[in-house]
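Q: What Swiss-Prot records for this protein is below:
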type    : residues                                       : note
DOMAIN  : 2-56                                           : domain 'ClpX-type ZB'
BINDING : C15, C18, C37, C40                             : Zn(2+) binding site
BINDING : P120, T121, G122, S123, G124, K125, T126, L127 : ATP binding site
Amino acid sequence: MTDKRKDGSGKLLYCSFCGKSQHEVRKLIAGPSVYICDECVDLCNDIIREEIKEVAPHRERSSLPTPHEIRRHLDDYVIGQEPAKKVLAVAVYNHYKRLRNGDTSNGIELGKSNILLIGPTGSGKTLLAETLARFLDVPFTMADATTLTEAGYVGEDVENIIQKLLQKCDYDVQKAQRGIVYIDEIDKISRKSDNPSITRDVSGEGVQQALLKLIEGTIAAVPPQGGRKHPQQEFLQVDTSKILFICGGAFAGLDKVIGQRINTGSGIGFGATVKGKSEKATEGELLRQAEPEDLIKFGLIPEFIGRLPVVATLSELSEDALIQILKEPKNALTKQYQALFNLEGVELEFRDEALTAIAKKAMARKTGARGLRSIVEGALLDTMYDLPSMESVEKVVVDESVIAGQSAPMLIYGQPEAQASGE
């Protein structure tokens, strides 16, 4: 190896690849009549790393996690919703078991089990789907059903969902075919009316019809790298029968539909069963009794419901559950903000009464867990704005009055005599 030295003849040495002289680089490595500099070595290493990344096949998990293992992992990130976790764990396990062993077992064709999640806003539907995909190490994408329209109309084509999934895995079709697709707001594409109309329902029943084949299983033709479709183009062929579809929605008003069905036939007169106010079922209890006929009455077409055989219901989160969500999961909101403050070298403390106040505020807003972040962000905004410009702050304390907007977080400085309250 030559390190910025001339060879025996006293000639100046140059890199055989980039042409730089030994004085322009840090190291020059000599071979038989050739030289390579440290910069070219680094560049070669980068090229090789990129090639390996592109060529290396996606490695599947050596063993499929059991329903118990899937459930335990969900427990680490999602508070409550135990019945839904159990249903999801079994459905996901059966889906990937079918993929690993082919679509048939001993000559028996195994059906596809897509999932329908019913639950109020902020109850954890999206989080459950995301956590599953992350745990199983499979591509995941989300779609909003309200943006979808039938092909040929202004809006998003249903096949764009598959294109998004392909983008998540660099257009690797094999990877995409093991992925999970979560379609949110599925209740918003319910049929607008029971009566046939002259005008076409392109964002309601029309979208349900368009999604049917995609969810059940078809070969979707997707243009490569997001190009527009044209006749001479070669398309990527994606088998959607191997993709797990999870559809979710709040289904506001479905509890009333279920209640009407349950109460129908209770009769009137002397033989009627009269229920007291205390016996009235809650919204969550009613949703757990959902039948296909209720979903049809709500506005989903029978064929669409048939493609979603696994139904899991999620309850509205209680105040206690929201407090748990704030502090217990691995990526709990309070832990996230504490990590953020730690980057400034400052400790962040949430008093218990502050957590209770945050939960009460979210309950009043009826936004579930989804509203927690905006409440915490609002309470800490001024502090996060001022903190990088301040010196000697060691600790920030958030109590109930901060959440109520009555005072600013308490700032504790390095010197005891310098305690002050942030403004």
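Note that Cβ sites are derived from N, Cα and C of the backbone, with glycine treated the same way.
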Q: Radius 10 Å, atoms counted are CB only; among the binding-site residues P120, G122, G124, which position scores highest?
A: G124
Q: Among C15, C18, C37, C40, all listed as binding-site residues, which has the most CB atoms within 10 Å of its CB?
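A: Within the set of binding-site residues, the most crowded position is C37.
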Q: What does DSSP call K125 (ATP binding site) in the simple three-state scheme?
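A: Looking at the DSSP assignment, K125 (ATP binding site) belongs to a helix.
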Q: At the level of the C-alpha atoms, what whole-angstrom distance separates K125 (ATP binding site) and C37 (Zn(2+) binding site)?
A: 54
Q: Highest Cβ count within 10 Å among the binding-site residues T121, S123, T126: which residue is it?
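A: Highest number of other Cβ atoms within 10 Å: S123.
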Q: Other residues with Cβ within 8 Å of the Cβ centroid of C15, C18, C37, C40 at the Zn(2+) site?
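A: The surrounding set, listed in chain order, is S16, F17, G19, K20, V25, L28, Y35, I36, D38, E39, V41.
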Q: Under 8 Å Cβ-Cβ from L127 (ATP binding site), six or more apart in the same chain: what's there?
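A: Those within reach of L127 (ATP binding site), by Cβ under 8 Å and sequence separation of 6 or more, are Y77, V78, A369.
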